[in-house]
Structure formats: structure tokens, C-alpha cells
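Copied from TrEMBL, the annotated features are:
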REGION    15-44  region 'Disordered'
COMPBIAS  15-25  compositional bias 'Low complexity'
DOMAIN    127-427  domain 'CDC20/Fizzy WD40'
REPEAT    171-212  repeat 'WD'
REPEAT    255-296  repeat 'WD'
REPEAT    396-429  repeat 'WD'
REGION    432-457  region 'Disordered'
Amino acid sequence: MASWGLKSCSEEESSSISRSSIQEARQSRLISRQHGVSKHSGDRFIPNRSAMDFDMAFYLLTQTRKEKEKAAALASHPGQTYGKLLAERLLPNRNRILAFQARPPASSSTAEETREISRSADRMLLIPEMADDYYLNALDWGSRNILSIALGRTVHLWNGTDGSTLEMMMAEDDLGAAASVSWAPDGRYLALGLNGSDVQLWDTDSQRLLRTLRGVHRSRVGSLSWSNHILTTGGKDGKVVNNDVRIRSHVVHSYRGHRGEVCGLRWSGSGRRLASGGDDNLVHIWDLRRASTATAPRTSQGPWIHRFDKHASAVKALAWCPFQSNLLASGGGGNDRCIKLWNTENGTCLDSVDTGSQVCSLLWSKKEKELLSSHGFGQNQLTLWKYPSFRKIIDLTGHSSRVLSTAVSPDGCTVASVSGDETLRFWNVFGSPETTKRSPPKPPPDLEPFSSFSRIR
């Protein structure tokens, strides 16, 4: 019995101590509330009961509409401003149904970083004999990091990895100068469209002419585009021709839809659809599956999927969006000055912006939702746009004549531009490479990649 009595006594003492602790805690909490002290604890996703006034919350939920309007009118009275601010200071969040701990401040390491873009070119090279012709496509950057540029009757190659250069080809007099260049997907073979209507295919490793495609066009070939083994050519005669470079009879299909020179050609990333732009202010969308249903050469007079006629000038600038396969951007010449976005599934124009100057080329970023355009006249600038708002991010100036063509490096960061001012410039537009490999050595400041050639000043 004694042990039971002793045990009973300990329980009573413990219960008394617990009750007194609870009463002291309640009194302390009451005093803290009276003095406007509210110590919030717990998680910000779990309501804190000590920070809520259930009576006030119940009243706010059940008060009538007239009472709400009357309370709002009184609160807006100038005399109530001080009282309202005082109540908010002394009783923070007391009228909220659920009160949570404040959101913690964002860590500086996770804060969004703003990409810095230099307004000036990182490098500039002089390129004499650069034809100031809007309709030509004399610049391309291959997958093996080799830049090709057509200068008159000569094609120059610059290796972006080691800075080496090569003067690859001197066109014969009867063939004319190179009007367009385009790398095959493997980055080894280079196609040249010539003023004399022929197309040449070169192996750049062996510096050897593999074959010449003759009889494809009747005049200069100013635009080229690859889709695997299919080389598509666009000529001044208005024809768009698919050439299978693996076979002897290379012409497998010919499209007829343009009434003027074809100055823009771009295959989509999937290789299913082809966009062509012409001097007749038109943009056509073609489907490869319709073109490859027969092995014999065929001519189509109008099997285009869509025909866009909203531009008011020649359309050279074309670019398929890398993150939205059915989205095409097109840019018009001096009488149009607009960039238009097209849904190539239903043929609708999604947006149009007047840039204020001739649109010569377009490039989508591979990393961000951004579009880069190059322009003539006015500022002769490159402009970076945010998609889909079409908000102008930055203008890059430096060229003194229109920026005829642009090309992006394989890593998607550096953009090369050529202009009628006979300069080739490199711009760090789309950020830095993500690889951690050691960057390739750069040539000394006093040496230019093409300085070994006498015609490069």
C-alpha cells in the first residue's frame, strides 16, 4: 500500500507541475500578444494557430455583404488610416483564416542570373571581294567547326578549333564565282552553288572535287540546303530541285511554285518539310514524303502544303524553330522589313513585327527562346529578340553596310556575320559553351586567320 501511496503522490506532483507549466505558458503567450510580440514557429506550409484569431476569422466569413461594404467605406476614410496601420503592426495576420510563416528569402546562388551580351564583336577579319548582293548565301558553319565563306572565285575555310585556314578552290572562268555554300550534315562535304548554274560537291579532307551537278538550273544557284543525302538547290530560274548525291541521275524531284529567284532554302530539323523563299515575295512549305513517292524525276506545279504571301518584298531569311518543330520564322526585304512567325501545320501567321529595316538572315538560339536577325540599311545591325513576346533584347552594331549572312557555331554560342563592308565578325551572342574542355588556342592579335592570303588585307 505504501508503495502505491508513494506512486500516487508522485503522479499528483507531476500532474500539478504540468498544469502549472501550461498555465505559465498560456500567461506568457497572452502577455506577448498584448505587447504585440508574436513568435512564429513551425513550417511555412503548416498553419500556426498562435498567429490566428478564430473569432475574427469567423466574423469575416459570416458577415453580410452590406457589412463588408460598410467596413470597406470606413477603412477608406482618412481618419481610419492610422488605426489600420497600428492594428497591422500590433496584430499581424490576426484576421487571416490560415497564417503561415513567411517565405524564406531566396538564396543568392539560386537567383536568376542575367546573361551579359557584348555589344561589340569579339573578332573582326577583313574579307575583300565580298559581293554586296542580298540574294546570295555565301557563309556557312559546319558541324566539324569549320567556317566556309565564298569570296569571288575563291572559297576560304577557317577551322574554329585550331585557327588554321585553307584556300580551297578557284572556280574556272566559265563557271563563274560561288554564289552559295552549304555544309553536309557530317561536316566533311561542302556544296557550292555557282553563278554559271552548276553545283559542285567537294571533299574538304582531301581538298578534292567529287562531282559537278550540271543541268539542274539555267542560271545562278544562290541557295542550298541539306537533308541527309538530299541536296536541295534553289536557282534564279525559280526552280527548287532535290538532288540525291549518292546516285548518278541525281535529280529526284523538282518543285515549281516561285515566279522569281529562289533566295532562301531551309529544311526543318526533322527533314520532313522544306521552306523556300523567293524574289516574288512568297514563302512555300513543301513535304519531302510527297516528293519521294516515286524514283523517277517528277515536276510539281503546285503541291505545296502552304503558300504564304503576306510579305511585301523578297524573302531570303528563313529559320525553323529548334524547340517547336512546326514554327517557321521568315524575314522580308527592304519594302517589307517584317519578321513573321508561321504555324506550318495550319498555315496561320502567329505574329509579325516591323523591324524598321531590311531583314537579311535569321537564327534561332539552341539554348534560349531567342531569335537573332541581321539587317541592312539604317544601323546595319544584328538584333536579338525574346520569343514569344518579340521584346528586343539588344542591338549589336559595328558593320557599316548591310549584314548579308549569319551562321552559328556548332556549340550554339558564337555567331559569324559577313557584310557588304568586306568584314567578317564574330559575336558572343548565345552564351558560353557548356563543356569544360580547354578552349582552343587563339591566334596572336597581330595575325588574322586569313592573313596568309594576299587578297586579305
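Note that Cβ sites are derived from N, Cα and C of the backbone, with glycine treated the same way.
Residues 117-130, 132-134, 136-145, 147, 149, 160, 358, 360-361, 363, 365-367, 372, 374-377, 379-384, 435 of the same chain, all 6+ positions outside the repeat 'WD' (396-429), place their C-beta atoms under 8 angstroms from a C-beta of that stretch. Residue counts for the repeat 'WD' (171-212) under DSSP (helix as H, G, I; strand as E, B; rest coil) come to 0 helix, 22 strand, 20 coil. DSSP states for the repeat 'WD' (255-296), grouped as helix (H, G, I), strand (E, B) and coil, give 4 helix, 19 strand, 19 coil.
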